[in-house]
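According to TrEMBL, the protein carries these features:
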type   : residues : note
DOMAIN : 54-167   : domain 'Expansin-like EG45'
DOMAIN : 177-256  : domain 'Expansin-like CBD'
SIGNAL : 1-19     : signal peptide
């Protein structure tokens with residue numbers, strides 16, 4: 001009887017189940033995560049709707065792009081000159097019993113860059129200076145794992161597979177023979193290492209990374225149906241045929257095939 005009562009007491013004292021904050025991702029499977037690593041995190045509070053528009057990955061309006069507040073800006077060491085855009089991370093608060101919310105974590109997508117400030121030391125005000133691993137979160141996300149008064153918090157992070165609703169989205173822009181394509185809502189590893197485009201009267205043409213997840217090419221592809229081949233950082237490739245119809249126009253968004261996630 002005493003052993004039974006002891007087991008009940010231990011169960012009551014166990015930490016609550018992990019909760020997640022995400023508008024476009026879900027809990028990772030055990031086969032899709034990397035090891036936990038130490039970092040630090042701060043937050044920003046959007047005071048104007050325009051604060052949710054822009055970012056170094058080129059997604060524009062984060063709500064319309066489907067990312068909402070489940071986003072993060074990365075320090076220079078993590079940002080990899082924009083190649084990491086659209087990757088997903090899980091963060092949890094650690095080592096501070098006063099400010100951390102126990103048993104919680106958040107899942108966020110990399111959408112922005114936290115520029116270094118070399119007027120300060122990395123251990124002072126230069127939070128995003130190399131070699132710091134630093135995450136800047138919307139306050140709505142930060143408050144899911146820590147009390148806002150905490151400020152610059154120690155956290156742990158790990159890279160996870162992205163789980164997205166719907167297909168990859170291709171927003172075509174440009175003019176004349178210049179074509180720019182913004183790629184969003186990418187599942188799997190999330191970040192993209194290579195893109196090819198094909199018109200209905202051409203072969204596959206490699207695109208260059210313009211900035212963030214904007215890819216470009218100089219080619220006359222008007223009045224041709226467009227297909228895309230997207231390769232992620234883990235070397236997975238999806239090919240989406242005839243994503244845009246022959247009468248496509250600049251400024252339109254089209255959906256193609258999606259990466260599979262375990």
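Positions of Cβ are set from backbone N, Cα and C atoms, glycine also.
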For the domain 'Expansin-like CBD' (177-256), the number of residues DSSP places in helix, strand and coil: 0 helix, 47 strand, 33 coil
Composition by DSSP (helix, strand, coil) of residues within the domain 'Expansin-like EG45' (54-167): 14 helix, 36 strand, 64 coil
Mean of the pLDDT scores, which run from 0 to 100, over the domain 'Expansin-like CBD' (177-256): 96
